[in-house]
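Quick notes on the structure that follows.
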Amino acid sequence: MSFKSGFVSIVGRPNVGKSTLLNSITGEKIAIMSEKPQTTRNTIKAVVTGDNYQLVFIDTPGIHKPKTKLGDYMVNIAVESLSEVDAVLFLVEANTVKPGPGDLYIIDQLKNVKSNVFLVINKIDLVDKAQLLPLIDAYKDLMDFEAIIPISALTDGKQDLLISEVLKVMPEGPKYFPDDMLTDQPEKLIAAELIREKILQLVSDEVPHGVGVEVISFKQREDKNIINIQANIYCEKDTHKGILIGKGGKMLKKIGSLSRIEIENLLGTKVFLELWVKVKPDWRNNEQMLKVLGYKK
Ligand code: GDP
Ligand code: K
Ligand code: MG
């Protein structure tokens, strides 16, 4: 039997559920999710290996108008990734009446892409089926899609329908990664991201967008099956530092205990987590800091 393989980019407006889809496909939390836009800053690969196929899904930071160097970097990555893959999944939300300006902007870019473009309508758990039909028609008028696939990244299991549709256009190819590999993200980086996810969830709006997390030490304790993790939380202002630490250190404690639980789930071992908050004004425009935090090579 022939073996099929290929790369599949997931694109879409911020918050349509790209990271959630990646986690759903792998059954592991490898990409952080939040209700805030521009949560994902890196390109994250998720690998799905079957008996006669291997698909590599790529979660890209959302496509949007950039305001900082970090933003610029995120958009470039998203657009560049489209020209080098075997298929593109254009993710949109079911709970809208028609394509919005952000979707139209992405469609404009997709028209120049040579790979197969699928329209994936996510969050169908939020709407009635009847509501989907006019939305599907509206998208069909804008572009010729390889197929239109309604899903719920949040409530559906393995995404078998999506995978079988994508396999129809995949070329024969090699197994790029080992069978048991789910992602290209190092554990250290996922740990940093999980800490950032908790900050996104717990801290008010403007602070998290200026937050970067660096794991500075990640070591197994010799005596016990415990991993010691130390991380710096960078923010842009003294006032933000105050908010992140909270009264009597309450907020930092909460960030620490919630992220520790998630990191323990990820690593399957006990974790001892230490966090520090540091102010780095304008780090999002600082090339060196972007490298330190893994956003730039
Ligand atoms: P991204 O910015 O495109 O990566 O979006 P995320 O994966 O971070 O998801 C954004 C928000 O939408 C989160 O609050 C998710 O829980 C939620 N979400 C994602 N997929 C679904 C879905 O299928 N159904 C529902 N109800 N919510 C979803
Ligand atoms: K998000
Ligand atoms: Mg994301």
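Cβ atoms are placed via backbone N, Cα and C, with glycine included.
According to TrEMBL:
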- 4-172: domain 'Era-type G' (DOMAIN)
- 12-19: region 'G1' (REGION)
- 12-19, 59-63, 122-125: GTP binding site (BINDING)
- 38-42: region 'G2' (REGION)
- 59-62: region 'G3' (REGION)
- 122-125: region 'G4' (REGION)
- 203-281: domain 'KH type-2' (DOMAIN)
Practice prompt. Could you pull out which residues elsewhere in the chain have a CB under 8 Å from any CB of the region 'G4' (122-125), counting only those six or more residues past its ends?
Written response: 16-17, 20-21, 91-95, 132, 150-155
Discussion item. Taking ligand 1 as the reference and 6 angstroms as the Cβ limit (strictly under), which binding-site residues among Asn15, Lys18, Thr60, Ile124 are close?
Written reply: Asn15, Lys18
Discussion item. Let me spell it out: for each of the binding-site residues (Gly12, Ile124), count the other Cβ atoms within 10 Å of that residue's Cβ, using every protein chain shown. Which one has the most?
Written reply: Gly12
Worksheet entry | Three-state secondary structure, which DSSP defines for Ile124 (GTP binding site) | helix
Worksheet item: With DSSP helix as H/G/I and strand as E/B, how many residues of the region 'G1' (12-19) fall in helix, strand and coil?
Response: 2 helix, 0 strand, 6 coil
Practice prompt. Identify which of the following binding-site residues, namely Gly12, Asn15, Lys18, Thr60, Ile124, place a Cβ less than 6 Å away from any atom of ligand 3, and list them by sequence position.
Written response: Lys18
Discussion item. Let's check the environment of Thr60 (GTP binding site): how many other CB atoms sit within 10 Å of its CB?
Written reply: 23
Worksheet item: Taking the binding-site residues one at a time (Asn15, Lys18), which has its Cβ surrounded by the most other Cβ atoms within 10 Å?
Response: Lys18
Worksheet item: So which binding-site residues out of Gly12, Lys18, Thr60, Ile124 are up against ligand 2, CB under 6 A?
Response: none
Worksheet entry | Mean per-residue pLDDT computed across the region 'G3' (59-62) | 70
